[in-house]
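J.: These came from Swiss-Prot, pasted as-is:
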{"type": "CARBOHYD", "residues": "Asn155", "note": "N-linked glycosylation site"}
{"type": "CARBOHYD", "residues": "Asn265", "note": "N-linked glycosylation site"}
{"type": "TOPO_DOM", "residues": "22-84", "note": "topological domain 'Cytoplasmic'"}
{"type": "TOPO_DOM", "residues": "106-277", "note": "topological domain 'Extracellular'"}
{"type": "TRANSMEM", "residues": "1-21", "note": "transmembrane segment"}
{"type": "TRANSMEM", "residues": "85-105", "note": "transmembrane segment"}
Amino acid sequence: MVGIYRILASFVPLLGLLFAFHDDDMIDTVTIIKTVYETVTSTSTAPAPAATKSVSEKKLDDTKLTLQVIQTMVSCFSVGENPANMISCGLGVVILMFSLIIELINKLENDGINEPQRLYDLIKPKYVELPSNYVNEKIKTTFEPLDLYLGVNMNTSGSELNQNCLILKLGEKTALPFPGLAQQICYTKGASNEFTNYKLSDIQGNLNENSQGIANGVFQKISNIRKISGNFKSQLYQISEKITDENWDGSAVGFTAHGREKGPNKSQISVSFYRDN
């Protein structure tokens, strides 16, 4: 109970940030990571700038991330005795971690940071310690209760010269009910456009009707997620189902998706969740 009060208290300054934004600050449509979600905001006649982000778009990013964290917290604090609610909590956590690391990859790619050593030099142990152009100072308070840690898997990156591997982990002091949950994403260098343009293929999806209903309910509750392919939804749901199973031994669970382009340099992204205590 003390932990819950601590989290709620930490979100008090965030509410001021949220209410400070007005409808006219929002641009028409902003897609951060199309592979994961598409957010539709209030209508405006002003188009988004082509080359650089506007002040409104930066504010929108802050709002979206803040809302996603808060909604994940609410989902996990209202689990009760219903196993389906626990899966919903797990799915919210999986989506949040996946969204954060994909957005980080896109920013790194846009800045031309592709070499493992450069990644290693830039990545800080705690997510909130990243440079301000990666984690805005205004929303650092949002991430403090999550106790997020970052890392670069140099061994994996070294074995596959055309790939980088980043790790995002929930620390032991996280407010979420998954301390030690880690996510590793390995991705083809220079292929972030593959992640943002629905060009990934070879992802299997096989949710039954009941599971599909639970997944749809969770995605509808999380405002950041407007659109996601059925196959991605299936994979993320199956990961959440696994990590919330009390018999899970912590071994890796995940999937690999390939770009649609043919040839030896075909891009791919591999996602795995595991327990790292």
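Here the Cβ of each residue, glycine as well, is placed from N, Cα and C on the backbone.
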J.: For Asn155 (N-linked glycosylation site), what is the tally of other C-beta atoms lying within 10 angstroms of its C-beta?
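T.: A 10 Å sphere around the Cβ of Asn155 (N-linked glycosylation site) contains 9 other Cβ atoms.
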J.: So, three-state DSSP: helix, strand or coil for Asn155 (N-linked glycosylation site)?
T.: helix
